[in-house]
Amino acid sequence: MVHLTAEEKSSVTSLWGKMNVDEAGGEALGRLLVVYPWTQRFFDNFGNLSSSSAIMGNPKVKAHGKKVLTSFGDAIKNMDNLKGAFAKLSELHCDKLHVDPENFRLLGNVLVIILVTHFGKDFTPEVQVAWQKLVSGVATALAHKYH
């Protein structure tokens, strides 16, 4: 899977400890739905997704975004076993929800953008390396059931 050094794990954990999951989760999922509008088809029960402002202000988007980032917190607790940590979510997204696994990669990239906007100068290139490894590993773990 993905190998993070002890230093990379520390930088991920440190930054995550400062993360406002409620706020950032809604931002990340909202941005995914705005930037990649075809992903909206998986959220047809979320109500008004007709514009960027409607999406970013949608309470269901915010609530599900929080849920998504909370599961990312689980990844941080299980960086050495992402496949195991995401086995059930992989099965759910593959077998029941039929989500295109490419969307996991897109969400990971959006999360990195959210981290940059929230942490600015603290999100150094070295910190980004660690986070890119993590979001790539999470995307691979979530896509595991598809193979």
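Keep in mind that glycine also has a Cβ here, set from the backbone N, Cα and C atoms.
Pulled from Swiss-Prot:
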BINDING   HIS64, HIS93  heme b binding site
DOMAIN    3-147  domain 'Globin'
MOD_RES   SER14  phosphoserine
MOD_RES   SER51  phosphoserine
**Prompt:** HIS64 (heme b binding site) has how many other Cβ neighbours within 10 Å of its own Cβ?
**Reply:** 17
**Request:** Check SER51 (phosphoserine) against DSSP and tell me helix, strand or coil, would you?
**Result:** coil
**Item:** Between SER14 (phosphoserine) and HIS64 (heme b binding site), the C-alpha gap once rounded to whole angstrom
**Value:** 24
**Message:** Please report the distance from the Cα of SER51 (phosphoserine) to the Cα of HIS64 (heme b binding site), rounded to the nearest angstrom.
**Reply:** 18
**Complete:** In DSSP terms, the domain 'Globin' (3-147) comprises 116 helix, 0 strand, 29 coil
